[in-house]
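For 1-30, the entry in Swiss-Prot reads region 'Disordered'. As annotated by Swiss-Prot, tetradecanoyl-CoA binding site applies to Phe82, Lys83, Phe84, Trp85, Leu216, Cys217, Ile218, Ser224, Lys225, Arg226, Leu227, Ala228. Sequence annotations record features per position, and here Swiss-Prot assigns active site, proton acceptor to Leu493 based on similarity to another entry.
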Amino acid sequence: MSDSKDSKGKAPQKPNDAEQTPGGKLTPQAAEALLENNPSLKNELGGLDKDKALEALRKMDISELLTGLSLTGKNKKDMAAFKFWQTQPVPRFDEAASNAAGGPIKMIDPEKVSKEPDALIEGFEWTTLDLTNEEELRELWDLLTYHYVEDDNAMFRFRYSKSFLHWALMSPGWRKEWHVGVRATKSRKLVASISGVPTQIRVRGQKIKVTEINFLCIHKKLRSKRLAPVLIKEITRRCYLNGIYQAIYTAGVVLPTPVSSCRYYHRPLDWLKLYEVGFSPLPRGSTKARQITKNHLPSHTSTPNLRPMEAKDVDAVHDLLERYLNQFDIHQAFTREEIDHWLVYKESPQKEQVIWSYVVEDPETHKITDFFSFYNLESTVIQHPKHDCVRAAYLYYYATETAFLDDQKALKNRLQMLMNDALILAKKAQFDVFNALTSHHNPLFLEQLKFGAGDGQLHFYLYNYRTAPIAGGVNEKNLPDENRMGGVGVVML
């Protein structure tokens, strides 16, 4: 949820050469770093007595909420002013992190929700995007392509395909009115957007209807107009009118207040290409040949009875995934229709493939015992003489019957086999890098399968819902920790 790369926390970022090692408590130095890396916090708390300004920040549970706060300036761009978030139904920084009482923060009376949007600044007007209209889809694609997500050094920029936008924004139950845009009145040019899709999630067993907020994007020339809070308020109003009072979103910046925080990991599939475009460094003392050899993958998968997922597998995968995700504190509560939409590739000559899903079918019982999936998100390589894009595969959902055996060693072995096959299949599909978070049971295989730590952190947020902090799969040193699993079981695009 942001007009900058930091809102995603997953821009095409370089792996991190050096480990960050923030302490388990928010020290005065770390609190000052938090202010430094979030300009709006610094600006709006700057008028207060320094000790008072830092006191609220020190009350945060750093090990749960801010593990791995980037101290390298990666959090420089703010999604919206800190003052704005003080007016919203979100947990405050100074609330006790151990408060386990879960539930809505504010009860919404739909009769009191405005039927009309707030007025925009002169020269701009609201619009509702029709993504079934090829021209309006192209406008959104154009805005996102040139103004959405870019790395700090302007070397890489996300390149969402139109097929990806259809997949991401037209899931079951999608509403046209939740695809919000802002146009320049005179030119009619689309200059800002925010989108949401409806779904249900479970938070510590409580099933709630939410809107997944995404693609908050503002034209670079309008970043000073403070449109982000206005866009957030407008999508909130439209959701309220449809009876949805909670939302889930992610950001790479620290806002009030993360429910969890995961770290990105990257596994090179074409190391030489990643090195040539500046994504992967050449480690000191190593050589190109050594790095290519280190990241080499077998030509063939090793899991018996592995095959691409088909429409006939939807019910079995739905059952397996639902049982698996129930092990996590926060996760999506999928419907059968959502499984079909999100996981089944429907070949079409007009559309690029976005999702790759595979199942393991027992040849005797024909039961689906395992499945995994990954999706495609390319990045443009800006002004490079040889390469124009990096193809990144993002680990999506997976599940395995082995997870129910109460045998972590067996689960670790099974996931390492499955995920190594995912890497092989992604390599065969011409992907250059495979990305994954420390969510789910990912700490069981990330380091063993030669994923490298990234400098991207993804913070998870709930709007108008309070719950105690949820483990993000990392420890106080921001490293994958098998003892910190079982928290995040949701994947946000």
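Cβ from N, Cα, C; glycine included.
Under the three-state DSSP scheme, Leu227 (tetradecanoyl-CoA binding site) falls in the helix class. When the neighbouring Cβ atoms lying within 10 Å are counted for each of the recorded positions (Leu216, Leu493), the highest count belongs to Leu216. DSSP classifies the residue listed as 'active site, proton acceptor' as coil under the three-state reduction. Looking at Ile218 (tetradecanoyl-CoA binding site) and Leu493 (active site, proton acceptor), their Cα atoms lie 18 Å from each other. All protein chains considered, the CB of Lys225 (tetradecanoyl-CoA binding site) has 17 other CB atoms within 10 Å. Listed in sequence order, Pro229, Ile232 are the same-chain residues six or more apart from Phe84 (tetradecanoyl-CoA binding site) with CB atoms under 8 A from its CB. Taking the Cα atom of each, the residue listed as 'active site, proton acceptor' and Leu227 (tetradecanoyl-CoA binding site) are about 22 angstrom apart. Counting every protein chain shown, the Cβ of Leu227 (tetradecanoyl-CoA binding site) has 23 other Cβ atoms within 10 Å.
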